[in-house]
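What TrEMBL says about this one:
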ACT_SITE  His288  active site, proton acceptor
BINDING   His331, Glu337  Fe cation binding site
BINDING   Tyr346, His367  homogentisate binding site
DOMAIN    4-275  domain 'Homogentisate 1,2-dioxygenase N-terminal'
DOMAIN    277-428  domain 'Homogentisate 1,2-dioxygenase C-terminal'
Amino acid sequence: MTLRYMPGFGNDFETESLPGALPQGQNSPQRCAYGLYAEQLSGSPFTAPRGTNERSWLYRIRPSVRHTGRFQPVSNDHWKTAPNIADHEMALGQLRWNPLPLPNRPTDFIAGMRTMTTAGDVHTQVGMAAHAYVLNEAMVDDYFFNADGELLVVPQQGGLRVHTEMGVMDVTPAEICVLPRGMIFKVEPLEETSRGYVCENYGAKFTLPDRGPIGANCLANPRDFKTPVAWYEEKETPCRLTVKWCGRFYVTEIGHSPLDVVAWHGNYAPYKYDLRTYSPVGAILFDHPDPSIFTVLTAPSGEAGTANIDFVIFPERWMVAEHTFRPPWYHRNIMSEFMGLIYGQYDAKEEGFVPGGMSLHNMMLPHGPDTMGFEKASGAELQPMKLTGTMAFMFETRFPQHLTRFAAELDTLQDNYLDCWTGLKKRFNGTPEGNWD
Ligand SMILES: O=C(O)Cc1cc(O)ccc1O
Ligand SMILES: [Fe+2]
């Protein structure tokens with residue numbers, strides 16, 4: 001299957017997989033071509049301002065209302081939703097985990113989802129959840145949609161083929177994809193096993209950050225975002241559609257595939273993005289900028305400059321700053337930082353933070369480079385140096401991130417994480433030179 005994509009971020013796209021399936025000049029003809037049903041899928045209130053107004057028109061074999069029967073509650077013990085506070089006994093702290101073990105039983109994308117943190121409140125559409133996933137099984141007759149928010153998927157090992165109502169995307173490590181709230185999809189692993197991270201955004205959709213004085217180019221460029229062309233599955237076999245709605249899961253049985261959209265147009269659609277096409281902008285003389293300069297996507301909270309979520313990456317780049325401590329500085333932030341590593345080494349933590357691993361530095365908890373990182377960077381000869389083969393990321397939110405019981409009890413939690421800073425010794429000796437021995 002050759003997959004095709006259309007470039008652009010938030011464009012008004014149009015695509016048809018059969019000629020003439022897409023009506024021209026109107027949305028709702030008396031009779032649609034091919035006997036299709038017209039249906040609108042809204043991602044914003046009808047009356048949202050033009051810049052944030054999102055909807056698509058789908059021309060499909062059956063309307064969505066025929067893709068849901070009576071819902072039955074089902075359990076999903078590991079996919080948690082905010083508010084999910086005081087779910088465990090673990091005390092506050094800076095935390096780090098080794099990767100989730102790969103599954104040894106058949107596990108699909110939904111069953112393999114493990115919530116690490118939740119923030120905000122799904123009922124008021126604020127906040128997020130940080131998940132890690134592992135899978136080794138394709139969803140074949142199983143479909144899913146999440147009414148609680150859009151899903152930003154970050155594969156770390158093994159790619160995913162994501163079949164959505166609006167087309168099919170292959171997403172491999174160093175690429176991400178975004179599945180809009182309410183969009184039906186199924187996932188298959190591209191290799192025997194896959195692992196990655198997901199940010200579930202309960203709030204306003206991810207968008208590109210304003211570039212301010214940087215101007216019209218660099219960072220994430222709109223044309224590097226790819227939306228799949230229309231594709232449909234005509235399948236009259238028993239299928240199940242699982243729905244996540246206000247933190248609960250429901251399933252409904254249907255006799256056909258719900259991925260039956262033959263043509264669509266509009267600006268509410270899934271997309272993928274290759275993080276290697278991000279053009280980082282940074283300090284080219286001295287000092288270390290705030291990590292917000294590496295924002296790929298931001299989900300606004302309604303308060304200026306105070307994101308519900310920033311999705312930030314730490315890609316390969318040149319380090320050239322003079323007379324500067326080049327890794328991240330020590331800091332305490334009002335925002336809460338969940339980090340993951342897709343591949344390579346992170347400059348503040350060369351050891352211990354491994355690909356597939358995770359860390360959580362919550363609201364106002366101090367953190368920064370480990371002892372080795374500090375010593376190396378404060379003694380380094382400051383030649384231009386390229387950080388190569390590395391891709392870390394951060395889900396940063398204005399809300400505190402509450403740990404799930406699963407995360408608190410996970411075997412891969414590193415008991416000795418705090419030790420990475422204990423070697424940071426007193427160098428103050430009352431003289432301006434300090435003690436650098
Ligand atoms: O904590 C971290 O490693 C992420 C981070 C990186 C950086 O360059 C500056 C601040 C920050 O929180
Ligand atoms: Fe930080």
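Placement of Cβ uses the backbone N, Cα and C atoms for every residue, glycine included.
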Round to a whole number and give the Cα-to-Cα distance in Å for the pair Tyr346 (homogentisate binding site) and Glu337 (Fe cation binding site).
15
His367 (homogentisate binding site): which of the recorded positions His288, His331, Glu337 is the nearest Cα neighbour?
His331
Could you round the CA separation between Glu337 (Fe cation binding site) and His288 (active site, proton acceptor) to a whole angstrom and send it over?
18
CB neighbours of His367 (homogentisate binding site) within 10 A?
23
Would you mind giving the whole-number mean pLDDT across the domain 'Homogentisate 1,2-dioxygenase N-terminal' (4-275)?
97
Based on DSSP, name the secondary structure state of His288 (active site, proton acceptor): helix, strand or coil.
coil
Distance-selected recorded positions near ligand 2 (C-beta under 6 Å), from His288, Glu337, Tyr346:
Glu337
Hey, which of the recorded positions His288, His331 is the loneliest by Cβ count within 10 Å?
His331
Report the member of Glu337, Tyr346 (the binding-site residues) whose C-beta atom has the most other C-beta atoms within 10 angstroms.
Tyr346
What does the structure give for the C-alpha distance between His331 (Fe cation binding site) and the residue listed as 'active site, proton acceptor'? Integer Å is fine.
12
